[in-house]
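K.L.:
In case it helps, TrEMBL gives these features for our protein:
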type	residues	note
DOMAIN	A:263-378	domain 'ABC3 transporter permease C-terminal'
DOMAIN	A:443-644	domain 'MacB-like periplasmic core'
DOMAIN	A:677-797	domain 'ABC3 transporter permease C-terminal'
TRANSMEM	A:20-40	transmembrane segment
TRANSMEM	A:257-278	transmembrane segment
TRANSMEM	A:313-332	transmembrane segment
TRANSMEM	A:352-376	transmembrane segment
TRANSMEM	A:437-458	transmembrane segment
TRANSMEM	A:671-694	transmembrane segment
TRANSMEM	A:722-743	transmembrane segment
TRANSMEM	A:763-788	transmembrane segment
Amino acid sequence: MYPVWKLCWSNLKNKKVQNAFMAIIIMLSALLLSTAVLVINNTNRVYEDMHTKVNGAHQILRFENGIHDPYKVNQWWAQQEGVTTSEVMRYRYLSSMVHEGEEIPNVDLFMMDTPNMPFTVDKLLFVQGEDRQDPEPGTAWIPTSLAYSNNIQVGDQIEFKTDKQTFQLLVAGVVVDISYCSPFATSGRIWMNDQDYTTHLSTLQGNDKYMTEMRFDDYSQNRAYWGNFEKFLGTPFLESVKDFESISSYYMIANQVISFIMIFIAIVMISIALYTLGFTISDAIISSYKTIGIIKSVGLSSRKIIAGYVTQYTLIAFISVVPGILISYYFSNKIVSSSMAYLNTSSSNMNIHFSGIEIWIGFAVITVIALSALLFSYKAHSVKPAQAVRYGMSEKDSSKLSRRLDTGKSKLLQFGRLPIEFLIGLRGVRKNIRGSLLIILISALSTSVLVFGFMFIFSITSIHQTIAKWGYDSSDLSIRIDNPDKITYEQLHGEVLSDNRVKNFSLYGDANAVLPISKEHAADSDGDSMGILLTVADGNYDEIGYENVKGHNPIKDNEITIGVNVARKFNINVGDPLDIYIEGEKYTLTVTGIYQAIANMSNTGRITAEAVRKVNPKFGASLNTIFINLQDGVSVNQFVNEMHKKYGNALWTASQASLVDEVFSQAVTILILPMSLMALLFIAVTFIIIYSICRINMKKQSRTYGIYKSIGMTSQQIRLSITAEILVVSCIGAVIGIPFGLLGLPPLLNFVLMDYGIVEVPLIMNGVGIIGMILLSILIACLGSWFASRVVKSASPRILTVE
Amino acid sequence: MITANSKKTVMIEAVDLCKSYSTGSEQFHAAKNVNLELYKGDFTVIMGSSGSGKSTLLYLLSGLDSLSSGKVYFKGQQIDGYSEKEITDFRSNKIGYVYQSINLIPDFSLFENVAFPGYVAGRGKNEINMRTTNLLKMMDIELQADRLPSQVSGGQQQRAAIARALINSPEVIFADEPTGALSQEQGTIILDILTEINHKAQSIVMVTHDIKAACRADRLILVKDGQIDGILELSKYSPEDMKARENQIFLFMSGKG
Ligand SMILES: Nc1ncnc2c1ncn2[C@@H]1O[C@H](COP(=O)(O)OP(=O)(O)OP(=O)(O)O)[C@@H](O)[C@H]1O
Ligand SMILES: [Mg+2]
């Protein structure tokens, strides 16, 4: 065993820089891999712990159209074995709220008449404020998501607007309300005192709506319950159901995207590390051909030499994997606690848990490294000392090389055609095929990752441009009539909509619908129905700027378009007929288009107001939002400000741009930091690898550089020739990497986001940025080689030729 | 002992030249306080036992290595103070160096190895091709012109290395045992070539172990333990009278022990 250690130790000692770099790369890949796994695991765990702790709901039924009797339904569920139900809770919708004089737009507020505590399902956890039976009159409890994102504290006053009046409530509690406080959510439950609810909300137009929540002992059995439930009802359930998957998905989405990218990059890095390792080992074998020959001649078997290499790299892997995994706890803790902040209470356990998977990851990385070391060092078997002395490589390799140098005698590479720096550089590419291939691979990867990463971040930050492809409208602004007593639609039409700056407008509202699952799909889903949210427009969908992945927007009164996830679940295509219950009435419509939307994970549909009116001629009250496009050249902001001044509280007006910011600023903040960090890591790794490849190469070539120097080449010229070699190679890599980054990686992202309702992530190609990234990756490569060639500068020809 | 001949012009001058190599913790002094003048047009030979510091001295005089202390002048200019541009210009146009260990560029053919310094010096392609062809012919390796160094014999490599040193017609040629890898006859041919070049006013500084080779010199410098142990003027003996020169060198060497 001693000779193995001796060999391993001398390898470790003599190539400190290379070994250190290898260690860094292995550490980074272990770090990323382990962070990704920890983030996914712990996001799930934190969420599930919390869900169990508060007895979280699996399904939430909302009764908004008076089709079913909420109390009877609730009673039925309460009688079922293995199901816990909440009380029936009254509520009304409001869609905006004012805090410290600032309007918080674009929220769906469920104004809840708080039933008596303790809750059986979805218990509230107090982060701030006093845990009481119910909120005192004049006060309300609000969810953490609303409080944190708008900086609302206990003791602050919040103001609500109804059709009739505005009223204020004091925030007395900030609560974790697990079903309604996820990131990116635009809805939240405001828990009010019964008395306040009765005075301010019950008196409003329309009827109270009702909500009841169910928790199953075994959620996987819910289909069976639903079968019985619909038998009990005698019809499908025709009001809306929100289920566990959609409740939990928003907690997961950001972390899933980040983790996916991390795993991808980690795998790429490990592959690079392995390839570099192979390169390093076979190079070490070649450059110590003579030594190996001598070692062999003194009686050390090849097996021991191989064991020396394997030990060396296993040691390096072990030394780097352990800190990598340890550091990953810190990173994943940061990521999880920031994305799960809304669930954080003083008593909740947000700390990252250690799991056996970590040990497996570490073990797997070490094994992979050790096995590759074994594979690559197998070459040592065939070293013949005599050949080593003459060629510095095996005879086979030598003749292969001279054949390549021979056949590669292109005109271009003849002396006198190119400046000598370039000529030598190009010849270096031809000679050093293995190293060149490695650099091509690395710069291709770094180009593709940088180009793709840039494109992704750029697309998210300039989402305004592609907003229709994320399922939102792309009109200039929207107006909502909040107080019809002060201004009616007719007035608005006369005063605003006929303004000659307005190009076109459409009325917009939503409606709940239910899709019964037909017999052919019942096999795997036990006869169920699915609630979807319908967008209803009185006007022109094309003008509002809605887009489809396939087909066209609904125009006629029998047409509908559906979200991709509805289409997938029901296996519907463009042209198919669709049975749908809208507010309790049955319609048969034709699907004219399929679209993607991140909102509600594409579990939605779009129809025209005429379609609804065919069965329900009075339909129209819910169409209280108006999308407006202005004439070209009219300033949207100015128009919006004018509206604010003129109508104040009676109208709610916001430009599309500000609404988009509202929704996506969170996504941007959550994504940008980890993405930029990973880009930096990638840049660092690319630099490190190219630097070390160049160092390896230069060691081999140092004699040649010494000769160049002694016949009068300047060190600048020599370094230029080395950099020219890398420039050529990394440009080739970039050329290969560009299409991969632009076309190869986006489908992977589509795959991740498919469940969230986006099948084709709308990426924006920004030419300048993409070219910038390409140049960046080439620059990194050139810098790596330029830095690696520093030794040429100071060393004298004697040192270079002798050592 | 005959000292500097005042009629000759000094080409290279070394003043208190020192060079030490560090071997781990210790310093090894391979050149100690060397004071030396080499003259224009001279054929100078450096002799000494193995490890005495001949190669070291040659590196220092030719500007291929840095000094530990002291000064080296080339035609009155201090080369250890040269800027990078000046030193490269010096290496490229003023000197040619033949390494003891040959040092051809392994992935250039012999032709390219010889031609390459021409390109570095910025000569025209046609001129370089002509010179290279002539030199290869002179060295009798024109048949191997397109082979790589690893595909020819040691002697052929050595001749290519000499041809490379000659391509830019330098003022001084430094040659570290240029006949070491050659047979008797081949060695003689090379020495003849060097002598002929020398007659065309190119100075030559050659390290050798071979007394026969040393007979070609105008001056012989004996090195011992990194110091000059003695200088023998050979120019006063007729070049035709090889026997006399050989005897003188033999006497000189044995006198030094
Ligand atoms: N890089 C080095 N580090 C330490 N010692 C060195 C180094 N290079 C040479 N030496 C020592 O310096 C002394 C002079 O070396 P040099 O190569 O000049 O000898 P030389 O006279 O040319 O020998 P030879 O005739 O064998 O070529 C020797 O003793 C050698 O061991
Ligand atoms: Mg020597």
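All positions are counted from 1 along the displayed chain.
Heads up, the Cβ atoms here are built off N, Cα and C, so glycines get one too.
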K.L.:
Average the pLDDT scores across the domain 'ABC3 transporter permease C-terminal' (A:677-797) and report the rounded value.
P.N.:
87
K.L.:
Could you tell me whether the transmembrane segment (A:20-40) and the transmembrane segment (A:313-332) are in contact, taking contact to mean 3+ Cβ pairs under 8 Å with a sequence separation of 6 or more?
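P.N.:
These two stretches do touch.
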K.L.:
Go through the chain and flag residues at least 6 beyond the ends of the transmembrane segment (A:352-376) whose CB is under 8 A from any CB in it; none is fine as an answer.
P.N.:
26, 29-30, 33-34, 37-38, 41-42, 45, 270, 273-274, 277-278, 281-282, 306, 309-310, 312-314, 316-318, 321-322, 324-325, 328-329, 332-333, 336
K.L.:
For the domain 'ABC3 transporter permease C-terminal' (A:263-378), jot down how many residues DSSP puts in helix, in strand and in coil.
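P.N.:
Residue counts for the domain 'ABC3 transporter permease C-terminal' (A:263-378) by secondary structure: 98 helix, 0 strand, 18 coil.
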K.L.:
Taking DSSP states H, G and I as helix and E and B as strand, how many residues of the domain 'ABC3 transporter permease C-terminal' (A:677-797) are helix, strand and coil?
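P.N.:
Once the DSSP states are binned, the domain 'ABC3 transporter permease C-terminal' (A:677-797) shows 103 helix, 0 strand, 18 coil.
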